[in-house]
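Visitor: Shown below is the structure under consideration.
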């Protein structure tokens, strides 16, 4: 039979129809995933973008004190400013008194210079009694206004886009010349917290790996019927509130708790020598290991279950002993599960808040607790956002370095 040959016009029409059909298919596929895409943007990407913006955008002081912010921009920052700066400051305070915004200004300044809130409120109460020259009037009201430090703090607040939150988050400071210097060791707060957070997270990850690997291996070699029953025990913690699980560790580890009482009962320690197991970094690692252990077992089990047992038997038949067969044949195949489990547990541990807050004490406080403090109590949202941004960038860098060093082609999370 002779084959039908399409004319050029029919060929172009067929291509257009095919392209139109493909576009409709892509549109239908996009509409199916559109709700999920909107949800991810609204609940994940937009909050992160807002956090990053707040860490460098601080319009409060320039909006409340526009004259002061404008004149401080041309001030050298070394000596006490001239009369024009004092006059602009007094006029702005008068305006804030009318708008009843002096308290907000005082709180903003106090975040940059602790103790300055009282100075601002004092001027707000007496501002209508002040007369030019305002420089002498303010110094007579309080001698603190003759020191350049407070004006340097106000100058730093005068910038709408600023990096001062990141400077504070990295335990740095700016001197009178504008140079960024490291703070003295006795005044560093956040870098030690970052180091402690990463250290506790790494130790908890290692403990989860050492405990979870044998459990996952045992589940993987059991018959499916038995493994499914035992998997319920692994998933059981997910059915219990995180707060309840953390509180249970307080009952176990406290000074008069179950573990200390058991040690006293068996004679291992005396009643006056009870161990200090609570409200420190040790019990934080113990509680976090218990809570995060299922997140290590699940990816390990999902990988181990796919490894054929015949590989180990083949290695044994070729002369390898049990240890050699396990380390050289079986263990390398679990690498994706180990990488996924370690990465998942470590990243989750960095953001833990409830567990360190309940059982951590002073030595078990993590950077997440400090972020929560600035959001809920000090209300320094800019610094909290900067700390969160530093933590986010640190996690991304560690993830990049880990995937390069581990040399894992694909991470299996389940």
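Note that the numbers count up from 1, one per residue, in the order the chain is shown.
Using the three backbone atoms N, Cα and C, a Cβ is placed for every residue, glycine included.
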Visitor: Taking 29-53, 54-78 as the choices, which stretch does TrEMBL tie to transmembrane segment?
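Guide: Within the set 29-53, 54-78, TrEMBL attaches transmembrane segment to 29-53.
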Visitor: Pick from 285-303, 304-322: which range does TrEMBL record as transmembrane segment?
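Guide: So the range that TrEMBL calls transmembrane segment is 285-303.
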Visitor: Under 8 Å between C-beta atoms and at least six residues away from its ends: which parts of the chain pack against the transmembrane segment (285-303)?
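Guide: Sequence-distant neighbours of the transmembrane segment (285-303): 200, 203-205, 207-209, 211-213, 215-217, 219-220, 231, 234-235, 237-238, 242, 245-246, 249, 253, 333-334, 336-338, 340-342, 344-345, 348-349, 352, 355, 359, 411-414.
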Visitor: Could you pull out which residues elsewhere in the chain have a CB under 8 Å from any CB of the transmembrane segment (29-53), counting only those six or more residues past its ends?
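Guide: Residues 385, 388-389, 392.
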Visitor: Mind checking which residues of the chain, 6+ beyond the ends of the transmembrane segment (338-359), have their Cβ under 8 Å from one of its Cβ atoms?
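Guide: Residues 197-198, 200-202, 204-205, 208-209, 212-213, 242-243, 246-247, 249-250, 253, 278-279, 283-284, 287-288, 291-292, 295-300, 303, 365-369, 372, 391, 395, 398-399, 402-403, 406, 408, 411-413 contact the transmembrane segment (338-359) from elsewhere in the chain.
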